[in-house]
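Engineer: Below: one structure in structure tokens.
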């Protein structure tokens, strides 16, 4: 593999070329064709000639020290998708401005909203009671997310089983609880979710050994190289801090601009309050929150991908890993690739906004007892979730390419997906459960946060929610906070696996030459590795 930016992989390399002295596993037939009986490939299919990446080592390879930028050089222009980076900065600055004004108005009339759970005289909007709820939600999300991260680190196979079972049990128990509380719409939705989780988990069982092996491989590498656990902890704490800031901003917007029918909101004495303004500002800060959270998540992912790429291509070289791989990968993600990371994050943020709107609508229908409406919005939410999964999958493998070679977002996505499809890596990706497992675990944490919000509102009975109008909104935001924090904590776990898959596709011969033990254990656990990845005829 080159130490220089590469837009193409070498289709002539395969996993069937062994070095002398290695035990040669039983040869598999050549599956790399487009015939239906041969995994959808045609025996007569031939790729046109593609330029091979240069094979020379980085300029300082034989010297005492070389860094990440020497190992993975990027071509000019070095900066890509600049418009997305500038737009991201503008949106974030707008968020800072809105937050500052809203929090100032909240602090100015804080007496109306109380200092604790029960002493508020605010009967028209969110208040300090809600702020304390979000503090509890943050603590629960932080504790569950970090415990989940430690579970992945120390109990790889058990981690997958426990995740699936907990989601099933929690979904069914929540559905039964809602029905017992006569919230039939929400109860039926959760029961359907539980049945769906059971079907998914049963289909997972044959693929658990391979997934557990890949997870353990990622964890083993992280213990020896890079700073995965430090990056995860710092990223998680930044996510918690931003979620706290967002929670204060959200409550402040309602306090500052929510009109009161009795005219009791002192913030509205000088005008400027309206329901439309509240909705507009909430939509804006929610979108900014999603975009920042996705950018943070993808920056962590790109950083970790750089570390695993360094391990895959250079750990067995005479001079070992490039010096400062973690710092070098982070520096590239926040400079040359800042625009590309912002672009990919923007797409996910838009989809998440649609899913959030659907979630709020579904909970409103459930609160009003509309079973049909609740189920319809749940089904729509499932389609949006599938779209989110597909785009996220597409994004994360593209970011692995961006981490190493610094290409623009769209060319990197096209090149990476073409390579993975032609190599057969997409088959391995589909059979690896780590992505769905981590998503399911994050959803579990978010449902715990949403349930906490519901119980808190039921037991504290704030005056602003006497008719239950704010229940769906508060639960939805508690769900989002739990989901984003857990996903950010767990990002480094999946990043290693995804980078290994991409690196295997770009240069499979490195796996044979530099990591033979890993390769042989992989084909023992999952023989389809030899069948899925073959050179073209």
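Every residue, even glycine, has its Cβ placed from backbone N, Cα and C.
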Engineer: Which residue does Swiss-Prot record as N-linked glycosylation site, given the choices 35, 469?
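Structural biologist: Cross-referencing 35, 469 with Swiss-Prot, N-linked glycosylation site lands on 469.
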Engineer: Which one of these stretches, 59-79, 185-205, 206-226, shows up in Swiss-Prot as transmembrane segment?
Structural biologist: 185-205
Engineer: Taking 334-354, 397-417, 502-522 as the choices, which stretch does Swiss-Prot tie to transmembrane segment?
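Structural biologist: Transmembrane segment, as annotated by Swiss-Prot, spans 334-354.
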Engineer: In Swiss-Prot, which of 12-32, 159-179 is tagged transmembrane segment?
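Structural biologist: Comparing 12-32, 159-179 with Swiss-Prot, transmembrane segment matches 159-179.
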Engineer: Looking only at residues six or more beyond either end of the transmembrane segment (433-453), which have a C-beta under 8 A from one in the stretch?
Structural biologist: 133, 136-137, 140-141, 144-145, 148, 152, 159-160, 163-164, 166-167, 170-171, 174, 197, 200, 204, 207-208, 211, 214-215, 389, 393, 474-476, 478-483, 485-487, 490, 493-494, 497
Engineer: Of the listed stretches (82-102, 185-205, 470-490), which one yields the highest count of Cβ-Cβ distances below 8 Å with the transmembrane segment (371-391)?
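Structural biologist: The stretch I would name here is 185-205.
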Engineer: Are there residues at least six beyond either end of the transmembrane segment (470-490) with Cβ under 8 Å to its Cβ atoms? List them, or say none.
Structural biologist: 126, 130, 133-134, 137-138, 140-142, 144-146, 148-149, 152, 232, 235-236, 238-240, 243, 246-247, 250, 286, 289-290, 293, 296-297, 300, 356, 359-360, 363-364, 366-367, 438-439, 441-443, 445-450, 452-454, 457, 464
Engineer: Taking the Cβ of residue 469 (N-linked glycosylation site) as the centre, count every other Cβ atom within 10 Å, in any protein chain shown.
Structural biologist: 11
Engineer: As a test: from 82-102, 159-179, 228-248, pick the stretch that has the greatest number of Cβ pairs under 8 Å with the transmembrane segment (131-151).
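Structural biologist: When the Cβ pairs under 8 Å are tallied, 228-248 comes out ahead.
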